[in-house]
Amino acid sequence: MVHEQVEGETEDCRLIRACGSYGACPCDEMGGNEEDISKVTNYSEEFVQVFRKSLPLALTLLLQNLISSVSLLFVGRLGSLVLGSVTLANVIFNATTVVFLGLATCLDTLCPQAFGAGNYSLVGLYFQRCVAISAVVSIPISSVWIFSKPLLNLVAKDPDLINISSQYLKCMVGCIPGYIVFECGKKYMQAQGDFHTAQTVLFIGFPFSILANYVFILNSPLGYLGAPLASSLTFALMGTIMVCVMLRSRRCWHEFHWKNVMRGWEPLIRLAVPGIIMIEAEFLAFESLTVLAARFETTELAAQAVATSIQSISFQIPFAVSIAASNRISTHVGRGKIRDCQIATKATLFYMGPAVSTLNFVGLLSGRYFVSSLFTSDLSVVRRAAKLLFVIAVNQIWDVYNVLGAGCLRAQGRQSVGGYLNLVAYYVFGMPLAVYLGFGLDWQAFGFWVGLGFGIFTLAIGEIYCIYISDWPLIMLQAELLHGTA
């Protein structure tokens with residue numbers, strides 16, 4: 001009975017009906033956009049919208065990944081010791097900066113919902129609060145980097161390697177401000193349907209990163225310490241450009257006031273913590289298998305490294321679709337359109353899902369030998385990596401649904417469901433089976449991917465089931481209450 005009443009209210013009404021003290025009236029700022037908001041959607045429309053937004057997103061994610069790899073290409077010229085040290089430092093860097101990515105996932109839910117509801121300046125306020133929360137979280141993360149030697153001693157024995165890695169991590173602290181602003185800024189712009197600004201910023205940042213690394217690593221006395229300096233300057237540039245764009249287009253900007261920014265954190269933290277768990281659980285599962293592969297022979301370890309790198313690249317396609325779909329569904333939630341939410345969700349899972357999984361499956365399966373040969377000229381490594389990529393290609397059939405399902409859950413504000421499912425799927429099913437197959441049955445890295453694939457399959461089934469039983473009227477009510485506390 002309660003749900004019937006809620007549905008009656010939310011089916012044709014937007015959330016946050018009153019513009020409130022933070023939001024300008026949508027009629028004042030958007031005028032003609034009222035027709036777009038009330039426009040009836042359909043499956044083909046949702047498919048086209050998600051597909052169109054996914055293209056620049058995929059390129060954005062790929063460029064951002066390449067920026068992280070540029071330093072390794074230049075540092076590798078300084079010798080194997082330096083390359084190994086920087087690689088180890090980057091593992092810790094990536095494992096900890098994932099926290100910032102997880103924090104920013106709260107904006108995947110909040111910003112599009114606020115924008116869809118017409119409460120535009122609330123979008124800007126959410127951005128400012130997320131940056132503030134990330135800045136607070138950066139304090140313990142920076143401390144880990146600055147005092148990283150005890151941690152490095154647990155995973156390495158070479159004192160020279162530990163010293164270089166710790167020095168590198170100390171200097172990487174300078175990356176944090178620009179990194180936070182850029183990540184949160186991406187979500188802020190995407191909530192407004194702008195998926196090109198981040199891409200443009202990366203088109204500037206990527207060549208700048210190459211130039212900065214070349215100058216500071218190979219043409220200055222800094223040596224390997226030129227890499228963190230180049231990274232810091234690159235992220236500072238990207239963050240600065242992002243802020244300039246945001247201030248130039250002030251439709252969703254909220255005037256900065258300390259009191260407003262430093263309060264109302266609970267809704268963001270409530271979504272951010274399970275968002276961190278979702279991303280960190282998956283990241284650590286994949287990274288830990290690479291670390292465990294060090295117990296195998298060199299050829300097996302090299303093949304695992306190649307396969308992991310290729311898998312990471314292929315992941316960007318469904319991840320881009322997931323972000324675009326999450327943004328689209330969240331906007332419908334903000335507008336209070338239950339039917340549109342259902343159509344967008346079904347279009348994502350039943351139309352985009354098969355298309356993307358087929359694309360990744362066919363691409364990895366047919367190109368596994370060729371792509372592996374781009375990473376190494378050792379034929380034994382290529383053959384072994386191709387065997388691993390066969391399993392990874394098969395895993396794409398359900399991994400794509402895992403990624404898209406996570407996006408749908410973020411749109412609904414149900415990150416906590418995704419967090420629990422990730423922990424169970426990876427650490428109750430996937431990882432134990434992977435270790436058993438890899439070491440117990442001596443399938444080595446092949447067993448790792450088979451076991452992990454089972455965990456991914458379990459996760460995909462769990463996410464799709466939770467989405468299938470979604471109580472949309474309750475989701476609408478919770479979203480309205482969530483924004484009401486802002």
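If you go along the chain as it appears here, the first residue is 1 and each next one adds 1.
From the backbone N, Cα and C atoms, a Cβ is placed for every residue, glycine too.
Some features that TrEMBL has for this protein:
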- 55-75: transmembrane segment (TRANSMEM)
- 81-105: transmembrane segment (TRANSMEM)
- 126-147: transmembrane segment (TRANSMEM)
- 197-217: transmembrane segment (TRANSMEM)
- 223-247: transmembrane segment (TRANSMEM)
- 347-365: transmembrane segment (TRANSMEM)
- 385-408: transmembrane segment (TRANSMEM)
- 420-439: transmembrane segment (TRANSMEM)
- 445-468: transmembrane segment (TRANSMEM)
Query - Two-stretch contact, the transmembrane segment (197-217) and the transmembrane segment (223-247), at least three Cβ pairs under 8 Å - result: yes
Report summary line: The answer for the transmembrane segment (385-408), taking Cβ pairs under 8 Å and residues 6+ beyond its ends, is 108, 278, 302-304, 306-307, 310-311, 314-315, 318-319, 321-323, 325-326, 329, 345, 348-349, 352-353, 356-357, 360-361, 364-365, 368-369, 371-372, 375-376, 418, 445-446, 449-450, 452-453, 456-457, 459-461, 463-464, 466-467
**Report entry** Non-local residues, at least 6 beyond the ends, that sit with Cβ under 8 Å of the transmembrane segment (81-105)
**Finding:** 68, 71-72, 75, 130, 133-134, 137-138, 141, 144-145, 148, 151-152, 155-156, 158, 160-162, 164-166, 168-169, 172, 179-180, 183-184, 186-187, 223-224, 227, 268, 271-272, 275-280, 283-284, 287, 410, 415
Report summary line: With the cut-off at Cβ under 8 Å and a gap of six or more residues from its ends, the chain residues touching the transmembrane segment (55-75) are 82-83, 86-87, 90, 94, 186, 190, 195-196, 198-199, 202-203, 205-206, 209-210, 213-214, 217-218, 224, 227, 230-231, 234, 312-313, 316-317, 319-321, 323-324
**Report entry** Beyond the flanks of the transmembrane segment (445-468) by 6 or more, those residues with Cβ under 8 Å of it
**Finding:** 285-286, 289, 292-293, 296, 300, 303-304, 307, 345, 349, 384, 387-388, 391-392, 394-395, 398-399, 401-402, 405-406, 408-409, 412, 414, 417-418, 421-422, 424-426, 429-439
